[in-house]
Amino acid sequence: MTATLERRESASLWERFCTWITSTENRLYIGWFGVVMIPTLLTATSVFIIAFVAAPPVDIDGIREPVAGSLLYGNNIISGAIIPSSAAIGIHFYPIWEAASLDEWLYNGGPYQLIVLHFLLGVCCYIGREWELSYRLGMRPWISVAFTAPVAAAAAVFLVYPIGQGSFSDGMPLGISGTFNFMLVFQAEHNILMHPFHQLGVAGVFGGSLFSAMHGSLVTSSLIRETTENESANYGYKFGQEEETYNIVAAHGYFGRLIFQYASFNNSRALHFFLGAWPVVGIWLTSMSVSTMALNLNGFNFNQSVVDSQGRVINTWADILNRANLGMEVMHERNAHNFPLDLASGDSCPVALVAPSING
């Protein structure tokens, strides 16, 4: 018998790279979306850290009154933030090469755009990477669909809202106190608490937390014990086991008696679909609310909607909320505006009868 041996041509560098990129045996899956995700998220993270520590003040309102947000300029972890790009830039694309100098780019808040745009591109690629890994493992694609909810929320406050308002200076600052400031100003200008989509989003987030706690506690309370009383029930589980790890019938019976029968799921697939869909749909709706208010389609305003037979206003909670909104708006951009437009809608009072003459 004669054996013929042929030399196998070695795979090219590109083929080996493709195999490595798409291999599901790696400790961390990279994938083709990861080729874009990794550098963009590393760039966003690096610039965020540097700017949070050392960025100079930014002229956010475009009135030559810079606001400091970095640690080296007197802030701490709570008060520090990446200040949004200047109102003088508007929604123009403002990379480093568009500025006359690096100092000008920093003064006008260029790092904010760099971080936000790289971050959004990176998390969108993360969605694609989740789908790609699911596809290669033969799984269904719903993990990536669920992650579209937080990405939609981030895109709403960092991109859609600034574009709708005409300036990146209206975007959410990248910091703890900056986030709260953004929320207060958003309420003052758009009455978001009275927007139905936002209310549904709150129900989605809080309801999701409630359902998660209920499900976790029910499962933990109905584990099928495979161990002795002297060992943790957790040791009775073997990874990849075919048997159920908890008794869904017992959990269903408990919850059905605690509230009423039809408040409890008796189908595990329907239960877990509900647990996944409820918060995701809620966050989608919240993102839609911010996106609609970007175009000033604001929340409901019921102030002064109740009057007596003489036409006098009977104050309701809506009027208290409206007064709170006006108070927050007064505090916002106090150097750019003396008072909000809502308070300036009355008759104007003349303060000068003759235009002053200017000599020189």
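Quick reminder: no glycine exception, Cβ is built from N, Cα and C everywhere.
For the ranges 29-46, 83-100, the feature annotated in Swiss-Prot as transmembrane segment maps to 29-46. Rounded to a whole value, the Cα-Cα separation of Tyr161 (site 'Tyrosine radical intermediate') and His272 (Fe cation binding site) is 33 Å.
Residues His215, Ser264, Phe265, recorded as contacting quinone, have a largest CA-CA distance of 11 Å. Per-stretch counts of Cβ pairs under 8 Å to the transmembrane segment (197-218) identify 274-288 as the leading one among 29-46, 142-156, 274-288. On the backbone, the CA of His198 (chlorophyll a PD1 binding site) and the CA of His215 (Fe cation binding site) stand 25 Å apart.
Taking the centre of the Cβ atoms of His215, Ser264, Phe265 as the quinone site, the nearby residues of that chain (Cβ within 8 Å, site residues left out) are Met214, Leu218, Ala251, His252, Phe255, Leu271.
Panel annotation: around the transmembrane segment (29-46), residues 20-23, 114-116, 118-119, 121-123, 125-129, 132-133, 136 of the same chain, lying at least six beyond its termini, place a Cβ under 8 Å from a Cβ of the stretch.
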